[in-house]
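Features as listed in TrEMBL:
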| type | residues | note |
| --- | --- | --- |
| TRANSMEM | 17-37 | transmembrane segment |
| TRANSMEM | 57-78 | transmembrane segment |
| TRANSMEM | 105-127 | transmembrane segment |
| TRANSMEM | 147-168 | transmembrane segment |
| TRANSMEM | 175-193 | transmembrane segment |
| TRANSMEM | 218-238 | transmembrane segment |
Amino acid sequence: MVNLLYTELLKLKRAKMFMVSLIGAAAAPVMVFIGYLDAKAKKPEIPVLFSEAFSETNLYVLLLIGTLLYGVITAYLFHREVAEDTLKNLLTIPVSRTSLIVSKLVLLFIWILVLTLVAWGLIFLLGLIGQYEGLNAAVLLQSLKQFLLGGSLLFLLSTPTIFVTFLFKNYVPTIIFTAVITMGNVALANRAYKALFPWSAVHVIADNGFVPEYPPEYSYIAILITSIAGFVATLIYFKKIDIH
């Protein structure tokens, strides 16, 4: 398992995808920063708060950019050997198929956390440059907790994306799948049903934005059921398919 993870890290080190993902992670903080610059230019008397900047950035990450970005990363990690036609060679070492899946999941989790910290750190630096107000330890710790919690929950929801990647053996269906999810997030953003849709429920939990109509447990259950179902389906399918 450790050797598999180390191998995955070495392959990632030589790939350009990690640098591309860093650019993707920077998109939300930069967009929020530009938006606040425009607002500040029009109404300079209204202060920009760090808490608002962190909250708005996390909203974009969890409901829009993160869903698509992490979906592409997931497809890249789990489709790479298939695309390069090296999976059949890897499985003859021998390597357990379950161990291979788990090692990639660990790497995906680390990758998502790194991108989450990059987004959080960038909005902090841009806030200092833009002279946002209201900076204190409580704001920093609360926002960091929300970012990390949201990133971790999105990781749990990567399992259906993995299954789609294995099922179609192509990047395009995975991208379409994550795009549809993102559209669902947008459609439900201002509705109570957002607490039931697993991917929008991530932001509900991270931002503590629960709605009166549905208890918090509903959001957690929706995410857990989706994650477990995706993981089980992935393991069963990957163990049964023939690798040519």
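Glycine is no exception: its Cβ is also placed from the backbone N, Cα and C atoms.
Small disclaimer: the values here were computed from a predicted structure and weren't measured.
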Cβ-Cβ under 8 Å with the transmembrane segment (175-193): same-chain residues at least 6 beyond its ends: 63-64, 67-68, 70-72, 75, 160-161, 164, 199-200, 203, 211-214
Distal contacts, the transmembrane segment (147-168) - CB-CB under 8 A, six or more residues away: 54, 58, 61-62, 66-67, 70-71, 74-75, 78-79, 101, 105, 108-109, 112-113, 115-117, 119-120, 174, 177-178, 198-199, 202-203, 205-206, 223-224, 226-231, 233-234, 237-238, 241
Chain residues outside the transmembrane segment (17-37) and at least six past its termini with a C-beta under 8 angstroms from it: 48, 53, 56-57, 60-61, 64-66, 69, 72-73, 76, 111, 115-116, 118-119, 122-123, 126, 130, 132
Beyond the flanks of the transmembrane segment (57-78) by at least 6 residues, Cβ under 8 Å: 8, 17, 21, 24-25, 27-29, 31-32, 104, 107-108, 111-112, 115-116, 119-120, 123, 143, 146-147, 150-151, 154-155, 158, 161-162, 165-166, 171, 174-175, 177-179, 181-182, 185-186, 189, 199-200, 202-203, 206-207
